[in-house]
């Protein structure tokens, strides 16, 4: 049974295993920031590699869920950003999950090519080590940047 009444995120915390809520009711309860955004973390579904952090508005999240392809909100361009639209480096959605506070969404994806606009496999290639920042990943060969 899918529950449809207005809810708070505390209802989800207290819900027993297998409880289901209408998506619109949950989206209405999320603490979208003042710009109407929520943090979105993309993770490779089979390896667990964290690929990137981006932002989603409700429209981007809805499009991602409907199309099965990651769509984000570009804060700099102020428009929807369909990941891989220009580069071909798409993220096929396997599953979406909300964190306990409802202020972040985890996208388990199948990444096609590099995830980072620099051509690297992920956006976390600057390691903070021993008081310095060290670049730990090179761009992949034949990568087309995603802008």
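Heads up, the Cβ atoms here are built off N, Cα and C, so glycines get one too.
The Mg(2+) binding site annotation in Swiss-Prot covers 99, 101, 103. Annotation comment: Swiss-Prot describes 100, 116, 123 as Zn(2+) binding site.
A gap of 24 Å separates the Cα atoms of residue 101 (Mg(2+) binding site) and residue 123 (Zn(2+) binding site). Within 10 Å of the C-beta of residue 100 (Zn(2+) binding site) we count 9 further C-beta atoms, all protein chains included. The residues near the Mg(2+) site, meaning same-chain residues not in 99, 101, 103 whose C-beta sits within 8 angstroms of the mean position of the site's C-beta atoms, are 31, 98, 100, 102, 104, in sequence order. Secondary structure at residue 123 (Zn(2+) binding site), as computed by DSSP, is coil. When the alpha carbons of residue 123 (Zn(2+) binding site) and residue 103 (Mg(2+) binding site) are compared, the span between them is 21 angstrom. Reduced to three states, the DSSP call for residue 100 (Zn(2+) binding site) is coil.
Each residue contributes its Cα atom, and for residue 103 (Mg(2+) binding site) and residue 116 (Zn(2+) binding site) these two points are 23 Å apart. Within 10 Å of the C-beta of residue 101 (Mg(2+) binding site) we count 10 further C-beta atoms, all protein chains included.
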